[in-house]
Amino acid sequence: MTHLPPPGKGTRNPSYLVTGWNGAVASEEQRCSQIGVEILRENGTAVDAAIATALCVGVVNSFSSGIGGGGFMVIRPPSLNSSTSASDTLLPSAYTSNPRCTHPISIDFREAAPALARADMFTRDARPDDPEWNPARASKVGGLAVGVPGELRGFEAAYHACGGGVSWARLFAPAAELAREFAVGKELSRRLNTRISQWTGGKGGPTLNEWIRDEDDWASVFMREHTGKDGRRDEFLREGDIVRRQAYGDTLERLGRDGASAFYEGDIADALVETTRAAGGILTRDDMRSYRAVVRRAEEGVYRGRRYYTGSYPSGGPILRHLLNVLDGFDDFAEAGQTSLTEHRFIEALKFAFAARTSVGDPPFIHNDKRLAEIPTRKFADAVRANITDDRTHHLAYYNPQFDVLEDHGTTHMSTMDQWGGAVALTSTVNLIFGSRVLDAKTGIILNDEMDDFATPGIPDAFGLRPSPFNYPEGGKRPLSSTSPFIMDHASSDAVWLTMGGSGGSRIFGAVAQTLLNLDWGHDLASAVELPRVHHQLLPEYVSVESTFRTDILDSLRDRGHNITLFDINVGIAEVQAVLRDEDGKFFATSDSRKNGIPAAF
């Protein structure tokens, strides 16, 4: 698990809760939330707003997402017989004329492994005669780390399913304009200027992104013109400085005009393939041309009388369903509120969820249908719950993981709702900060390093667990993800109540579940998102706890045998963006302060 910085002395970032009667957008960047709301004002659907918002985030927070990446999306169309949705005659043609927009759907636009990928590609044996071969680095940095980008095919599928309130070109125009000139925001500034020592409690020293200094194409975008004695730029951009990504703006404008296929075929695809292969990759034109988003009926579950919708494997949706099934089976869990016992039970349920996660992967490739179907069932949850002991925690073997626990990273999330009762939860990523660090100068596109989310064959770890063969690289396969876009209905009607999701890699589905618990415990939406969280992913064997968590509960958890590690709540490790619509039809939107997010509504 990523080493986390210790608690800092600074105050919490400001939190925002906005309201409206016609629609709302929650994202990690105020400018992008506002762009989404402008699309809603123009009769755009929740899908339209989500796409425009995501394209914007890919510009201003390019360290976490962009069209060189991929992700997952859940779409919940309006309910025609709901008291908080418009009548059939008032619905726009985007909803009434498309037979695919009659039920909740999930869209998998996760990056796929190139056709030439193989299971041992990131092992020492892959290049035994190369003394400089560093397989751990190769899966993260450079062309070999790049998976086939899926974002635009995903947006295309969503637009054709439940979008079209405004033109495709209209969705791209704001992001294209921003790319040509925008001011550095708080989060981009933080990512550029955070020093490695800050993650260990020290001061000074190099930044986390020191490598940018040595890459002219990157330095010209993300560093000031001032140079040091060695003639290189020596100052990273800070909040308020101007970024100009002219090539990326031109690319976005063209894709808005010519459609998603212009990305996957023709000179844009050629440029991405050439740049990736020059950086040591195996991406081909056939990989680009053959990529398809996967559209499925959304996974459904019921939690405390409310129906919800989430994604399918290889997303974290089925694991989130399992976690909620376990928690839902405790009779007094919601009524009890936050106590040492409810927190202990949550941590134990989370550990069992991560154990289950070690034996899943991309369904077409793992041939383990029985196991995949079993995990999100009530029967499986009942068996897990019976093994949760209220007086103590246990060591690793008790939870019966089949393979090693693999961490995933990064991401951005946005949640949207429109005036007709449509809702979207969209999570996008390039994986690690700035993805593979491969930037195509012709198009301005930053490419993902999603190949790092696959497991690598190897010797057992210190606990005797081997990497999961269900998640080894293979041509066309999509790596396992913790991404958990989530939409929930009202208990008293079939109208949408809540849409949310998170960023933060392996911590996503736990953060989503804790936000839902906080709502159960009577908190408003902003408090539900902002309250300090816990995280345990089975390995390593400790509970990560955000600073400001209740000390009385922590003391009780220690008495039960939990190993507690505190970290800075402002670090931005797991962030939730959420929109809620109450029974009167009023919208509430909140963006997680951990990533300096600000929502918008009207």
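Backbone N, Cα and C define each Cβ position, glycine as well.
Feature annotations, courtesy of TrEMBL:
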| type | residues | note |
| --- | --- | --- |
| BINDING | Arg110, Thr429, Val430, Asn431, Asp453, Ser481, Ser482, Gly505 | L-glutamate binding site |
| ACT_SITE | Thr411 | active site, nucleophile |
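Projection of TrEMBL feature records onto the structure.
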{"residue": "Arg110", "record": "L-glutamate binding site", "Cβ neighbours (10 Å)": "29"}
{"residue": "Thr411", "record": "active site, nucleophile", "Cβ neighbours (10 Å)": "27"}
{"residue": "Thr429", "record": "L-glutamate binding site", "Cβ neighbours (10 Å)": "30"}
{"residue": "Val430", "record": "L-glutamate binding site", "Cβ neighbours (10 Å)": "34"}
{"residue": "Asn431", "record": "L-glutamate binding site", "Cβ neighbours (10 Å)": "29"}
{"residue": "Asp453", "record": "L-glutamate binding site", "Cβ neighbours (10 Å)": "29"}
{"residue": "Ser481", "record": "L-glutamate binding site", "Cβ neighbours (10 Å)": "31"}
{"residue": "Ser482", "record": "L-glutamate binding site", "Cβ neighbours (10 Å)": "31"}
{"residue": "Gly505", "record": "L-glutamate binding site", "Cβ neighbours (10 Å)": "24"}
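Note: the CA-CA distance between Thr429 (L-glutamate binding site) and Thr411 (active site, nucleophile) rounds to 4 Å. Taking the centre of the Cβ atoms of Arg110, Thr429, Val430, Asn431, Asp453, Ser481, Ser482, Gly505 as the L-glutamate site, the nearby residues of that chain (Cβ within 8 Å, site residues left out) are Gly70, Gly71, Asp408, His409, Gly410, Thr411, Glu450, Pro479, Thr483. The maximal spread of the L-glutamate binding site, taken as the longest Cα to Cα distance among Arg110, Thr429, Val430, Asn431, Asp453, Ser481, Ser482, Gly505, is 14 Å. Cα separation, Thr411 (active site, nucleophile) to Asp453 (L-glutamate binding site), rounded: 12 Å.
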